[in-house]
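Swiss-Prot lists 19-39, 49-69, 94-114, 122-142, 155-175, 196-216, 240-260, 287-307, 323-343, 349-369, 393-413 with the feature transmembrane segment, giving sequence analysis as the kind of evidence.
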Amino acid sequence: MSESRTVERSVRSNRKIKFALMGPAFIAAIGYIDPGNFATNIQAGASYGYQLLWVVVWANVMAMVIQLMSAKLGIATGKNLAEHIRDRFPRPAVWFYWVQAEIIAMATDLAEFIGAAIGFKLVFGVTLLQGAMLTGVATFLILMLQNRGQKPLELVIGGLLLFVAAAYVIELFFSQPKVVDLLQGMAVPSLPTADAVLLAAGVLGATIMPHVIYLHSSLTQNSGDQGSRSERYSSTKLDVAIAMTIAGFVNLAMMATAAATFHFSGHSGVADLDQAYLTLDPLLGKAAALVFGLSLLAAGLSSTVVGTMAGQVVMQGFIHFHIPLLLRRVITMLPSFIVILAGWEPTRILVMSQVLLSFGIALALIPLLAFTGNPGLMGDMVNSRLMQNFGRLIVVVVIALNGYLLVAMALNL
């Protein structure tokens with residue numbers, strides 16, 4: 001009897017540890033469903049139907065592997081990726097890495113902040129500038145949760161992730177994509193035009209986010225007081241699998257909904273979020289348009305919080321400089337207000353920011369692969385040969401795609 005109680009207590013204790021250790025991947029996963037994803041996925045689905053769904057599938061598989069490597073670097077070493085680069089790279093390289101990582105973080109935050117402002121505009125009928133002000137206030141309130149520790153923030157952001165996923169289950173119900181065509185688009189690679197390659201790079205840049213590669217390792221580096229190293233890694237694998245599967249589903253649903261609703265109804269020119277919202281109303285009804293607006297708002301608010309956190313990790317990790325998180329939020333809001341006041345087309349800014357992000361992926365991945373493939377550093381948590389080779393393949397694909405983009409832009413294709 002006492003033995004069975006002991007076993008039961010042990011099982012409950014393990015469950016508590018597993019639950020306590022889950023959450024960091026949900027924060028990272030928010031970076032994979034930000035407003036930049038909305039913009040690129042809607043444009044890709046409206047323009048090419050289901051033909052680019054395979055890009056989302058493979059980008060999500062890549063993202064899952066990358067985030068697992070980032071998370072286990074923090075668990076195995078107690079340091080994040082930026083700190084390892086600072087400790088092991090020459091000083092000029094460290095400064096270069098810091099500058100490009102800050103630029104990437106700013107481009108990310110610009111897209112996320114403007115996306116949330118558009119969400120407020122669509123749902124509540126305010127101006128874009130008023131939406132930006134509301135976004136600033138809302139993100140301040142969410143960031144203040146950090147004063148209560150990491151877990152409350154994980155729960156709020158995880159809840160917003162699940163809300164966006166639920167919203168897209170509803171959108172799929174409204175749009176009713178053709179399952180056979182959808183599955184074919186997921187399985188058969190196709191890049192029909194040069195513009196499709198540009199959009200594929202945007203989808204890749206929107207799906208694999210450099211700033212959350214840095215962030216995830218910092219979220220797991222201080223979990224040493226919660227369970228053994230093997231327990232932490234086991235929980236992290238489950239955490240990453242669940243969170244990234246949800247993010248992958250949302251991205252697929254975004255593109256499939258755009259394909260079913262816009263591409264096959266003669267609205268393949270839908271290229272911005274306002275237009276998507278206004279076009280959804282007559283095609284699928286007010287409820288579908290409202291759900292779209294709310295999901296954009298939830299994704300924008302949560303992802304801009306994550307972007308602010310990532311920017312702080314990058315600055316502290318690379319140059320040991322710390323500024324209060326709320327002050328950083330004020331500073332990083334400025335480019336968004338400049339874009340809005342200048343009257344630039346916000347969705348175009350979103351899509352171009354995602355292309356810019358794709359150039360930062362390889363720069364984050366190369367040192368991540370080097371560190372997680374080092375047995376002296378990682379011990380028994382070193383990458384397997386399969387994971388290391390898959391990581392190298394991701395780097396090659398990203399560099400090749402970026403090279404094509406540079407040539408295409410230079411030739412104005």
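Note: Cβ is positioned from N, Cα and C throughout, glycine not excepted.
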Other than its close neighbours in sequence, what residues sit by the transmembrane segment (122-142), given a CB gap under 8 Å and a spacing of at least six beyond its ends?
113-114, 116, 153, 156-157, 273-274, 277, 289-290, 292-294, 296-297, 300-302, 304-305, 308, 326, 329, 333, 336-337, 340-341, 346
Same-chain Cβ contacts of the transmembrane segment (49-69) under 8 Å, 6 or more residues past its ends?
25, 28-29, 32, 41, 177, 181-182, 184-192, 196, 199-200, 203-204, 207-209, 212-213, 216, 236-237, 240-241, 244-245, 247-248, 251-252, 255-256, 259, 263-264, 365, 368-369, 372, 383, 387, 390-391, 394, 397
If you count every Cβ pair below 8 Å, which range out of 94-114, 155-175, 287-307, 349-369 shares the most with the transmembrane segment (196-216)?
349-369
Among 94-114, 240-260, 287-307, point out the range having the most Cβ pairs under 8 angstroms from the transmembrane segment (155-175).
287-307
Take a look at 19-39, 94-114, 240-260, 287-307, 323-343 and tell me which one has the most Cβ pairs under 8 Å to the transmembrane segment (349-369).
94-114
Residue numbers, six or more beyond the limits of the transmembrane segment (240-260), whose CB comes under 8 Å of its CB atoms
22, 25-26, 28-30, 32-33, 37-38, 41-46, 48-50, 52-53, 56-57, 59-60, 63-64, 67-68, 71, 158, 161-162, 164-165, 168-169, 171-172, 174-178, 182, 185-186, 207, 270, 276
Of the stretches 94-114, 287-307, 323-343, which racks up the most C-beta pairs under 8 Å with the transmembrane segment (19-39)?
287-307
